[in-house]
Amino acid sequence: MDLAPVLDGFGVVLQPTNLLYCLIGVVVGMLVGVLPGLGPAATIAILLPITIGIEPVTAVIMLAGIFYGAQYGGTITSVLLRLPGEASSVVTVFDGFALARQGRAGTALGIAAVGSFLGGTVSIVALSFVAPLVAGFALDFGPPEYTALALLGILLVATVSSGDRLKAVIAACLGLLLATVGRDGFTGAERFTFDNLSLADGLDFVPIAMGLFGLGEILYNLEERHRAVHAPATVANVWPSRADLRQSSGAIGRGSVLGFFLGILPGGGATLASLAAYAMEKRRSKTPERFGRGAVEGVAAPESANNAAATSSFIPLLTLGIPANATMAVIYGALLIQGVSPGPQLVDQEPELFWGVVNSMYIGNILLLIMSIPLVGLFVKILRVRATILAPITVLITLIGVYTVNYDVFDIGLVVVFGALGYLMKKLGFDPGPLVLAFVLGSLLEDSLRRSLLLFDGDPTGFLTRPISGTLLVLFLVVVLLPVIRAALARRRSTDRRNTKELV
Amino acid sequence: MTTDNRARRWATAGTGLALALSLAACGGNVGGGTAAEGEEFPGDDPITVLVGQDPGGSTDLIARALADEVSDDLGVPVTVENRPGANGALAAQELAGAEPDGHTLMVYNGSLAYITPLAVAEGEAPDIADYEIVTGISQDDYVLVTAPSSGFTTVEDLANAGRPITFGTTGVGTGSQLSQELLFNQAGIEATAVPFDGGSPTLTAVLGGQVDVGSIQLGEAIEQIEAGELTPIVTFAEERVSYLPDTPTAIEAGYDVPVQQSRAVFAPKGTPEDVIETLQASFQTAFGSEAYQQFNQDNQLTPNEIDGEEVRQAWTSNLDRYRSVVEQYSIDLGGDS
C-alpha cells in the first residue's frame, strides 16, 4: 500500500480550518445525539446548504463528524434518562439505565465512551486498508454490477431495517417512484414533469432529504416532546475502573469487528450493528441473566459496534458511490452539491479528499473521547432548551438553507411538501429512511439496468454470466428466500414433532 | 451566499434609485426604459453571470475565471450564480426574463443551441434568436478514447472488430453522443449507444472496459491519456488539437464530423448596443490577461473569442448542418424530436 497519500491526508486534516470544522462537526454531532428525535441524517440534511461555500474535504469532514459524534451523544441520554438520543443507542438503555439507577452512571458513560473510541478507531484502521482494495477492483463494476448492487441495497434496506417490514417496502417503493420524475436520460422523454422546467432534471435530493428528515422530524417532535424532561441524575466518576475495563474488553473487541462488517452492508449501519452486538454478547455470556440489570458488557458492545459501523458505512459510499444508509445518502448529496461524484475514481483522483476525510475521523474520535468524559454534564444541559424555542429556529434555518442551494422558491415548496409527508409517515409508523435511500438508489437502478441491457443487446442472462453481478444476484435471492425457507422449515419441524407424538 | 444576497438587494435598490433619478430627469418619460440611461454602464451596480451547470464543471470554472477579470476591469462585483437543470435551459429561461440592462448575463453552452434542439421535443430548447450575444469564449474538443486493453487504435480497427461496438456517451443530446453517432454511421460501423451521466462516469466505464469506446471532452480525459490509461483514437475538432498533436481529427481519418463544445456570453434580448459594446471590450481585456490564458492552457480550452454575430452565425449553421446530417443518417438522438 502506498503510504504517501495517507500521510498527505493527515496534512489535510491538520490544516487549522479542517481541524476547526472537525471540531464543529463532532460538537454538533454530540448535541444532536443528546437531543432525542433530531438525528444525524436530519441535522446533516439541514446543514447541507452551509457546505456549499466551503471546500469539499472540509465539508465532508464536518458532516462525518456529525454522524459519528451523534453515536457518542446518543448514549448520554440513554444512560441518564432512559431516553435514547439515537436509534442506535436504544439497546444501550437496557443496561445503561440500570447501571445509572445503581448509581454507576459514570461507569456506564465511561465504558461507552471508551468503547465508542475503540470501536471507531478499529474501524478507521480497517477502512484505511479495505477501501483502497475495494476501489482497486471497482473498475470491474460496470452497469450490470451496479444494477445488482442497487437491487440488493434496496432489498436489504427494506428487510433489514428496524420496524415494520411491509411499511419499509412501501416507503421504498414510493422512493423508487419519485426517482422516475424528470427527463428520461435515455430518450429525452419527459416523465411526470407537467411541463415544469424545475422538474425537468427530476426532483432534487436536497429538498427531499431536508423535508423528510429535517422538517418532518421537527414537526413530529413538537408533538412528542411536550412533557418536561426531569432533571438527570448527577454523574460522578466517569473514569471506568480497571475491573470494568477488563470485564468489557472482550465485548468491545467483538462489538467493533461485528459493527465494522454490518456497517459495510447496504441497509446496515449503526442501529443494526448495536442490536446485533448486544444480542451476541448476551448469547455468549455465561451469565445472561445479568443483562438488563446493569451488565457493563451490555453497554460496551453496542456502543463499540455502532461507532464501528458508522465509520465503515463510508466504505461503499467512497469507493462505489453507493450510500449504505440514510445518513450516507445525505452525505452523498453533499458530495454531489460540491461537484464531487463519489465512485471508483475517488481514491485515485481525489486522494486528498478521501484520506482527509478518513484521517479526520482519528482526530474526531479523540476530540469526542475528551468531550464525552469530562464534559458530560454540559451536554446534558442542552436537554433543558425547550422545543418551543428550538423548533421554530430550526424550521427557519431549514427553509432559508434550502433556498440558498439553488435560489429557487420551488425548492422551498418541495421542502414543505416533503416535510408534511415525513410528518405523516412518522405518525403512521413509516420510517422515511427507506424512501430516501430508494430514491437515491432508484435512478442508479434504472439507469444501470437499462445500460446493462444495451450492453447485453437485450439479453438478461448477461447478468448471470458476469462473476460479480452473478454473485450479487445469488445473494439477492438468498435474502429474498431465506425468511420463506426458514418459515417452511419451522412449519415442517412442528408437523414432524406432531407426527412423532402421534406415533408415540 | 450572504454576499450574493446583499449584492442582489443593493442591485434592486440601485435600480430603483437610478430609475427614480432618470424619471425625474426625463420629466416622467417612462419610455426611457433602462436604468443605465443617463449614466455610464455599469454604474455602481453588480453584474450576475448565470451558469446552467453545476458548480465545479467546466462551464462553471470558465464563468468564474472570466468573472474575476471582468470585475477588475469594470470595477463592480461580478458574481456567478449556478442554475443547473435541463442542459442549461433553466438558466436560459431565467436570462430571457431578466432586465435587459447588461447586469444579468449567462455563459451559454453551444450544445444547448445546436444539439439539444435535435434531442428534445419542439419548443423545449431555447432559441438563440431570443438573446443578444456579447462574445464567444472558447471551444472544448471531444476525443474518442478507448482502454489500451481493447487493442483499438484507429477507426478502421473498430470497423474490423467483427462485432457490434458499444460506445459510452456523456448523455442524450450531448456533443459526445452526436459525434459518435455521426462517426459510426458514416463509417458504417454497427454500434450501440450507452448513455452515462456526464463525463466522469463515462470515463470510468471506458477505463474499466465496460464500453468499447467513449467520446469525452479533452480536459476531462487528458490526464488518463497522458498516463497511458486511455488511447485516443480521433478528435472531433476541425483542426488538429494543439494539446494532442499526434491524434488525427476525424476529418483527417476521412469522416466529416466536426463536433465541438463552444461557449459564449449571452445577454437578454433588448440590451442596449452601447452596453453590449462596453461588456465586449471588458471581456476582451479579460481574455488578454495572463491568468485567464493560463487557465485555458490548464483546461485544454481553445480560445474562440469571436464577436456575437459570428457566434450566432456559426451556431445557427451548426444547427442546420447537424439537423440535415442527423436526418440523412436517420440518427435518433432523443425520443420524440
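We count from 1, first residue shown onward.
Glycine too: its Cβ is placed from the backbone N, Cα and C atoms.
What TrEMBL records for A:19-437 is domain 'DUF112'.
According to TrEMBL, the feature transmembrane segment maps to A:18-38 (among others).
What TrEMBL records for A:45-68 (among others) is transmembrane segment.
Remote same-chain residues near the transmembrane segment (A:112-139) are listed as 1, 6, 68, 71-72, 75, 79, 92, 96, 238, 240, 245, 248, 251-252, 255-257, 259-260, 263, 299-301, 303-312, 314-315, 318-320, 343-344, 346-348, 354, 358-359, 361-362, 365-366, 368-369, 372-373 (criterion: CB distance under 8 Å, separation of at least six residues from the stretch ends). Marked as transmembrane segment by TrEMBL: A:112-139 (among others).
Feature annotation from TrEMBL assigns transmembrane segment to A:145-161 (among others).
Here TrEMBL flags A:168-186 (among others) as transmembrane segment.
According to TrEMBL, the transmembrane segment annotation covers A:257-280 (among others).
According to TrEMBL, the feature transmembrane segment maps to A:314-340 (among others). Same-chain neighbours of the transmembrane segment (A:314-340): 39-41, 44-45, 48, 51-52, 56, 59-60, 63-64, 67, 127, 130-131, 134-135, 138, 141, 146, 149-150, 153, 157, 205-206, 209, 213, 263-270, 346-347, 350, 353-354, 357-358, 405, 432-433, 436-437, 439-441, 444, counting only residues six or more beyond its ends whose CB sits under 8 Å from a CB of the stretch.
Residues 13, 18-19, 22-23, 25-27, 29-31, 34, 61, 64-65, 68-69, 72-73, 75-77, 80, 109-110, 112-114, 116-117, 120-121, 124, 232, 235, 238-239, 307, 311 of the same chain, all 6+ positions outside the transmembrane segment (A:360-380), place their C-beta atoms under 8 angstroms from a C-beta of that stretch. The transmembrane segment feature in TrEMBL is assigned to A:360-380 (among others).
TrEMBL lists A:469-489 (among others) with the feature transmembrane segment. Within the same chain, residues 144-145, 147-149, 151-152, 155-156, 159, 463 sit at least 6 positions outside the transmembrane segment (A:469-489) and bring their C-beta atoms closer than 8 Å to a C-beta of that stretch.
Spatially, the transmembrane segment (A:168-186) is not adjacent to the transmembrane segment (A:257-280); fewer than three Cβ-Cβ distances between them are under 8 Å for residues at least 6 apart in sequence. Tertiary neighbourhood of the transmembrane segment (A:257-280): same-chain residues 71, 86-92, 94, 119, 122-123, 126, 149, 152-153, 155-162, 251, 291, 298, 301-313, 315-316, 322, 324-325, 327-328, 437, selected by CB-CB distance under 8 Å and a gap of 6+ residues from either end. If you look at the transmembrane segment (A:145-161), the same-chain residues 6 or more away from its ends with a CB under 8 A from one of its CBs are 168-169, 171-172, 176, 265-268, 271-272, 320, 322, 324-325, 431, 433-434, 437-438, 441-442, 444-445, 448-449, 452, 463, 466, 468-469, 472-473, 475-476, 479-480, 483.
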